[in-house]
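Pulled from TrEMBL:
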TRANSMEM  6-27  transmembrane segment
TRANSMEM  65-84  transmembrane segment
TRANSMEM  96-117  transmembrane segment
TRANSMEM  129-150  transmembrane segment
TRANSMEM  156-183  transmembrane segment
TRANSMEM  246-267  transmembrane segment
TRANSMEM  287-309  transmembrane segment
TRANSMEM  321-345  transmembrane segment
TRANSMEM  365-382  transmembrane segment
TRANSMEM  389-410  transmembrane segment
TRANSMEM  430-453  transmembrane segment
Amino acid sequence: MERFESYIVIALFSVNFLISCLIFSGITREQRNPYMDEIFHVPQAQKYCHGKFNEWDPMITTLPGLYLVSVGVIKPVVWLSGLTGNVVCSTAMLRFINLLFNCGNLYLLYLLVCKLHHREKTQATPRRVLSALSLSTFPVLYFFNFLYYTDSGSTFFILFTYLMTLYGCHKTSAFLGVCAVLFRQTNIIWVAFCAGTLVAAKMDEAWKAAHTKKRDEKSLTNVPLTFSGVKKVMLFMFTSLGHVKAVLFVAWPYVAVGTGFLAFVVMNDGIVVGDRTSHKACLHFPQLFYFFSFALFFSFPVSLSLSRVRRFLEALKKRPLFFLSLTCIALLLVWKFTYIHSYLLADNRHFPFYVWKRIFQRHELVRFVIVPVYVFAGWSFADSFKLRSLFWNLAFLSCLVAATVPQKLLEFRYFIVPYLMYRLHMPLPSLPRLLLEFLLYTVVNAATLFIFITKTFHWPGSTETQRFMW
């Protein structure tokens with residue numbers, strides 16, 4: 001990293017941390033007591049602070065990674081500073097842990113952007129820095145930096161895991177993957193993605209080598225993302241098991257993590273710990289459509305363009321039967337596999353409640369009418385990866401399906417890691433587009449934080465103050 005760029009990054013980190021601290025102070029002053037899921041997380045962390053590691057709240061469904069890290073950070077600070085009393089492991093002190101994760105996420109995003117887009121030369125420094133800053137302020141993630149939730153830490157360890165994979169430090173990556181799983185069990189999917197990128201890279205090399213021997217110049221390029229491409233890839237994989245075995249030898253740390261996780265699932269009789277009644281897996285295929293729409297909205301400053309819309313219209317003209325079939329399949333999946341979680345309808349503190357109420361519940365046919373939007377959003381999503389090989393696309397899309405489809409509850413927090421992975425692997429946008437994206441995120445953040453702090457309300461028969469949030 002050049003010295004000038006390092007100065008910019010340090011200044012950026014300082015300003016980001018200062019602004020985040022000011023926001024943190026305002027939120028903590030207005031909401032001193034644990035709120036929403038904090039009523040479970042904060043008391044559990046406080047038990048760990050007092051050495052009560054055998055006590056567990058059965059309503060908590062994730063592993064104790066957040067609490068262990070919190071104790072590991074707070075205890076040495078308390079010992080060095082001589083703090084005593086209620087301030088130790090208070091709600092504010094526990095929330096501050098996520099502010100530290102926010103700084104870590106910004107740095108990791110910057111390193112990932114540099115690693116994934118190291119060949120970019122035009123205005124590389126400002127584009128890399130602004131891209132990292134913009135992603136670190138991604139509204140759904142940024143909001144939970146100020147509350148004691150698992151999202152910031154979970155994202156930190158997944159990004160760290162992937163970064164180590166890109167640098168070839170697979171043992172370190174696997175260890176960090178274990179840490180990520182301790183924050184949220186479904187992170188095992190993104191640990192598998194890290195292993196999948198190794199397999200994809202090896203298969204790309206084998207594909208190119210095989211077609212070099214045949215002197216097929218057209219086949220030296222990346223495998224196209226089409227049905228015919230999928231067919232070719234499947235046949236090639238069956239005839240190239242030796243290459244898969246070779247890469248599995250390199251990826252054994254990830255295999256070890258996966259094996260350990262399977263053992264946990266068997267012993268625990270499932271993925272969820274604690275309350276399982278509200279976290280049952282199902283085939284909720286429309287979740288994938290919700291994610292595509294979510295990704296289209298938050299990425300439109302950097303992904304949408306007139307040329308992309310024209311390419312979509314041209315694709316419609318060239319392959320109308322393909323898109324008609326795709327639409328019919330989507331309609332069928334929406335019809336037969338839409339699930340509505342009781343939390344979505346009952347809790348009016350979450351934004352998804354109002355999305356569902358004001359869009360999907362407006363009329364029973366709305367969910368079918370907007371299927372063409374899903375088709376375009378899905379096509380735009382896939383078009384962003386057209387320069388990547390089909391092997392890589394298969395690995396990513398498989399993990400995306402595994403991360404979204406089994407979830408019955410429509411919860412935007414579940415989209416954080418998939419979205420960041422999607423956005424990181426897009427071609428590095430131009431500076432004006434990045435500025436527009438950052439502006440969008442800033443406006444959304446300002447609006448959601450303003451609503452959370454000022455637009456309070458009370459439920460009938462309750463004196464507790466309620467707030468709107470993601």
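Even glycines carry a Cβ here, placed using N, Cα and C.
Taking pairs at least six residues apart, the transmembrane segment (65-84) and the transmembrane segment (6-27) share fewer than three Cβ pairs below 8 Å and do not count as touching.
Most Cβ pairs within less than 8 Å of the transmembrane segment (365-382), among stretches 129-150, 287-309, 321-345, 389-410, 430-453, belong to 287-309. Same-chain residues lying 6 or more positions outside the transmembrane segment (96-117) and placing a CB less than 8 Å from one of its CB atoms are 1, 9, 12-13, 16-17, 20-21, 24, 66, 69-70, 73-74, 124, 128-129, 131-133, 135-136, 141-142, 144-149, 151-153, 155-156, 159-160, 162-163, 166-167, 420, 424-425, 427-428. The highest tally of CB pairs under 8 A with the transmembrane segment (430-453), across 129-150, 246-267, 287-309, 321-345, is held by 129-150. Among the stretches 129-150, 246-267, 287-309, the one making the largest number of Cβ pairs under 8 Å with the transmembrane segment (389-410) is 287-309.
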